[in-house]
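Visitor: One structure follows; several queries about it will come next.
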């Protein structure tokens with residue numbers, strides 16, 4: 001089966017740790033590199049700007065590094081974000097960005113953005129529940145963050161494609177995934193931090209947190225959703241290990257973490273690992289996505305269509321944005 005093909009780029013790179021300006025510069029360079037490789041969409045990993053806070057798995061409280069982290073996080077309405085949007089427009093490429101969002105109260109959130117080839121911010125959301133030790137740094141998302149799929153217009157034979165994204169272990173939340181499927185995504189970006197292979201069957205480390213376990217979750221999302229999945233991971237080399245002092249901790253102990261890949265709608269891996277599987281290697285994984293295969297797989301499994309039983313099982317959703325201050329309504333005056 002053959003249909004219109006969309007070339008995509010999946011980054012596998014080390015962030016500029018805790019350096020907002022350096023992070024934006026590297027992001028712009030990777031956007032340009034992906035466009036030169038004829039990609040129409042480029043994906044970045046979880047917390048790409050300014051890097052995933054690996055120290056939380058070594059020591060949960062570090063006010064010095066945490067302060068620097070907040071100061072180097074990215075605001076949605078900022079000159080830095082405008083620079084990234086301009087790079088998307090100049091290179092005529094869609095950008096799916098993982099970043100740490102800072103707000104004016106100095107709280108930070110694990111966030112994602114989808115930017116069109118025209119430089120428009122089509123979607124911005126926050127991870128609805130940070131995972132385990134991440135809660136020492138990040139706040140929760142809210143109802144509006146359940147909208148995680150956007151229409152991206154690539155023009156030509158491709159036209160409009162529904163592109164969605166989730167962060168890390170959001171791929172282990174069945175109800176959130178089902179709501180994502182209901183938005184009819186055709187391409188899904190699964191964002192992950194640097195992840196290492198599991199040390200062995202007798203090790204106490206969770207297999208579900210390993211490179212193998214995380215890829216399994218991405219492949220499951222592809223099968224259940226009938227969508228292409230761009231499995232995007234970051235890299236952490238000595239610069240990150242030394243800078244965050246993670247040696248001897250649960251994660252980020254050795255250079256590596258990179259396992260980016262493209263996954264087909266039936267769950268198969270489409271691409272080979274970079275540099276013969278060297279997880280410390282930086283680069284870009286490219287893939288040509290035959291969009292007709294989405295249709296073919298949906299014909300077999302459509303979990304929000306013909307392969308569902310809404311008369312028996314259904315999902316309730318509250319998309320309202322929750323605020324800390326809710327003004328009390330004044331009673332209406334009798335006329």
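Cβ atoms here come from the backbone N, Cα and C positions, even for glycine.
As the structure is a computational prediction, the values presented were derived from the model and not from experiment.
According to Swiss-Prot, the record shows the following:
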ACT_SITE  46  active site, proton acceptor
ACT_SITE  127  active site
ACT_SITE  168  active site, nucleophile
DOMAIN    6-291  domain 'CN hydrolase'
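So where do these features actually land, and what's packed around them?
Guide: Note: residue 46 (active site, proton acceptor) has non-local neighbours 52, 98, 110, 167, 168, 191, 192, 193, 234, i.e. same-chain residues 6+ apart with C-beta under 8 A of its own C-beta.
Every protein chain considered, the tally of other Cβ atoms within 10 Å of the Cβ of residue 127 (active site) stands at 28. In three-state terms derived from DSSP, residue 127 (active site) belongs to neither a helical nor a strand segment and is classed as coil.
In three-state terms derived from DSSP, residue 168 (active site, nucleophile) belongs to a helical segment. Around the Cβ of residue 168 (active site, nucleophile), a 10 Å sphere holds 24 further Cβ atoms from the protein chains shown.
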Visitor: So what's the mean pLDDT when you look at the domain 'CN hydrolase' (6-291)?
Guide: 97
